[in-house]
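Asks: Sharing the record's features from TrEMBL:
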| type | residues | note |
| --- | --- | --- |
| DOMAIN | 1-122 | domain 'CMP/dCMP-type deaminase' |
| BINDING | His44, Cys74, Cys83 | Zn(2+) binding site |
| ACT_SITE | Glu46 | active site, proton donor |
| BINDING | Ala153, Thr195, Asp199 | NADP(+) binding site |
| BINDING | Arg183, Leu203, Arg206, Glu282 | substrate binding site |
Amino acid sequence: MLRCIELARKGTGSVAPNPMVGAVLLYNNEIIGEGWHQRYGEAHAEVNCVSQAVQNGQTGKLQESTLYVSLEPCAHFGKTPPCSDLIIKHKIPKVVIGCRDPFKEVDGKGIEKLKAAGVEVVVDVLKEECIELNKRFFTFHQQQRPYVILKWAQTKNNIIGSNTTERLLISNEITNRLVHQWRSEEAAMLVGSKTALLDDPQLTNRYWSADKQPVRLVVDRQLQLPHSLNLFNGEATTIVLNELRQTNEGAVQYEQLSGNGSVVQQVLQALYQRKLDSVLVEGGAELLQHFINEGLWDEARIITNEALVVEAGVKAPQLRNELLTNEQQLGSDSICWYKNSTPVTHH
């Protein structure tokens, strides 16, 4: 199952809003096929795994093999046929599953279908690890909102930005590359209008990969941002979350907020409607603090430049109910990963 998780991770950033899945076929303790879900809309892990075994001339062994898969095989026709049918067709006698699929079209139906066909099914092997692997997917389907990651850089004395129009550069080049890797792993990135105006960020992952750019989101309630900003350069899709209009203008799309609930709730509703299953919230301090105050965050990644102290500036946000999960030092920058110990759940 650990190998299934390892294979699944190869799909990071390429399969959303689908889950990352890995599969391994075992015959007499020997691996005869491996596969993972490589790209959204393409073949699922089980299909790639069985195909590899067949291509390697192992078809005859399938009826005496065990299939290990990190997530319950699907039972419905989506972009591809159901994987449970494939397993039954090839008469694979035993399937070991990491965890159930929370998607309402599956959610136990794949397991039921396999059992009804006489397949031996074992569930919840490394369950916690398999859920952690697809935390974005699980949050999206169980909470009806994207997985929220907060990220900011601060000085040693907890300053996040300048009080003036001068941009305050905090993190080092190595950390900046890491941030671009983080961006490549999420469906969307979000900034507030003040950050867009003062920092004029490009919000791309250009230092990491040119392959897939996440969607750029900016909250501009009264549509006051000038189109000379990098966000409007057409290099990636930009969604402007606003209160005035709903139109598409090429790479720039205007999404009118629903007016239901707080701005944070409206932003998350808009992302959910667009099937964006994760968002990296990059600032500014005010927007980040709104997410924290409402408990609508899952993870926070805070970069602190231990060598930088500034006299005055914008104070960094204050986390609540945080749980430190990881620490790393990159030159003068220390990075702390936190989890929200009590995220707000959907009712």
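Using N, Cα and C of the backbone, Cβ positions are placed for all residues, glycine too.
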Asks: I want to verify one value. Collapsing DSSP to three states, which class is Thr195 (NADP(+) binding site)?
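Replies: Reduced to three states, the DSSP call for Thr195 (NADP(+) binding site) is helix.
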Asks: Taking only the residues in the domain 'CMP/dCMP-type deaminase' (1-122), give me the average pLDDT of this model.
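Replies: Taking every residue in the domain 'CMP/dCMP-type deaminase' (1-122) and averaging pLDDT yields 94.
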Asks: To see if you understand the setup: which same-chain residues, six or more apart in sequence, place their Cβ under 8 Å from that of Thr195 (NADP(+) binding site)?
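Replies: Once residues fewer than 6 apart are set aside, Thr195 (NADP(+) binding site) is near Pro201, Glu282, Gly283, Gly284, Leu287.
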Asks: Taking just the CA atoms, what is the gap between Asp199 (NADP(+) binding site) and His44 (Zn(2+) binding site) in Å?
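Replies: Cα of Asp199 (NADP(+) binding site) to Cα of His44 (Zn(2+) binding site) measures 41 Å after rounding.
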Asks: Long-range same-chain neighbours of Cys74 (Zn(2+) binding site), Cβ under 8 Å, sequence gap at least 6?
Replies: His44, Pro82, Cys83, Ser84, Asp101, Glu105, Val106, Gly110
Asks: Starting from the Cβ of Cys83 (Zn(2+) binding site), draw a 10 Å sphere and report how many other Cβ atoms land inside it.
Replies: 30
Asks: For the C-alpha pair, I'd like the distance in angstrom between Ala153 (NADP(+) binding site) and Arg183 (substrate binding site), rounded off.
Replies: 15
Asks: How big is the Cα-to-Cα gap, in Å, between Arg183 (substrate binding site) and Glu46 (active site, proton donor)?
Replies: 28
Asks: Based on DSSP, tally up the residues of the domain 'CMP/dCMP-type deaminase' (1-122) by helix, strand and coil.
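Replies: Once the DSSP states are binned, the domain 'CMP/dCMP-type deaminase' (1-122) shows 42 helix, 28 strand, 52 coil.
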Asks: Under a criterion of Cβ-Cβ distance under 8 Å and sequence separation of at least 6, what residues of the same chain contact the residue listed as 'active site, proton donor'?
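Replies: Result: Val21, Ala23, Gly35, Leu67, Val69, Pro73, Cys83, Leu86, Ile87.
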